[in-house]
Amino acid sequence: MIEADRLIAPDNPVFKDEDVIDRAIRPKALADYQGQDHVRGQMEIFIKAAQMRNEALDHLLIFGPPGLGKTTLANIVANEMDVNIRTTSGPVLEKAGDLAALLTNLEENDVLFIDEIHRLSPVVEEVLYPAMEDYQLDIMIGEGPAARSIKIDLPPFTLIGATTRAGSLTSPLRDRFGITQRLEYYKVEDLQNIVQRSADCLGLSMESQGALEVARRARGTPRIANRLLRRVRDYAEVKGDGHICPEVADKALNMLDVDAKGFDYMDRKLLLAIMEKFGGGPVGIDNMAAAIGEERDTIEDVLEPYLIQQGYLQRTPRGRIATDRAYLHFGIDKPSNR
């Protein structure tokens, strides 16, 4: 797996120790939530309406690529509603009892946040349906012929589910969410604002153009932007006086092998393999995985999304194709037969 050594992988477990810093710089209110204007505008209305009616917010599904702020948005919703939030994830809820324990401890209008909700087991999902729809918990007591079902009334609550794979949710679960929000990759100017805000929270001396340099290479992802900012800070403190200007940011990011487009060595390895080994494509995913020594799932879930979104790679029925933009980026002449 490449996650362990990729600085720009959105879900890199190596950087879990930096979660404390992430929480410190994470916005707490919608007013501080940068970018995703359509989401912010809609949520302001939905939250205000729920507050005016003094009721729980409708169940909310948030989906999109990793690192775009799904957890941040869930916490903001709880803060704006002035309620408690309990956080868990799909893989952790192995048994129906695990979910029941969480649900029965919720107070009125509280938020239950389930990350990776697409990984819920069918047994747990079945328990969730009546809880979401009727605020009731159906539990089986006993086994065999003596088994009986009891119903437990739950207080009104808001379930917030987050996923990178909305298509993997079952239709019955997806249809029970009253609000659905898709998070998109961030514009550079929004990321620049996020980097500048994070620098201020960390007490860093940073020029706006320095923040822009970090934002340009952050792959449209706030989590990556904040991670790069911390590494640029390290470089500025060791190699200079701690002040981050565009030149310092550029040198630090080049040292990290993150180029002007936010590509690291794995992105370049993938695109170059298609162009140099397969004549630009089309090439099947399994052949591509073998060529670069990576797993199919890693290529599809980690490497490809950003390259496709930025127009450097195309998925076609016949396989993957490197685009004209990819050839231009690397300064390679496109084969005459393409």
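In case you wondered, yes, glycine gets a Cβ from its N, Cα and C as well.
Note that this is a predicted model, so its numbers are computed, not measured.
Record check, Swiss-Prot: ATP site residues include Ile25, Arg26, Gly67, Lys70, Thr71, Thr72, Glu133, Asp134, Tyr135, Tyr186, Arg223, and the candidate from Arg176, Arg230, Arg231, Arg233 also listed there is Arg176.
Cβ environment of Tyr186 (ATP binding site): Gln34, Gly35, Gln36, Leu68, Ile194, Gly220, Thr221, Pro222 lie under 8 Å away, each six or more residues apart in the same chain. The distance from the Cα of Arg315 (DNA binding site) to the Cα of Gly67 (ATP binding site) comes to 23 Å. For Glu133 (ATP binding site), the same-chain residues that are 6 or more apart in sequence and have a Cβ closer than 8 Å to its Cβ are Arg176. Applying DSSP to the region 'Head domain (RuvB-H)' (260-338) sorts its residues as follows: 42 helix, 9 strand, 28 coil.
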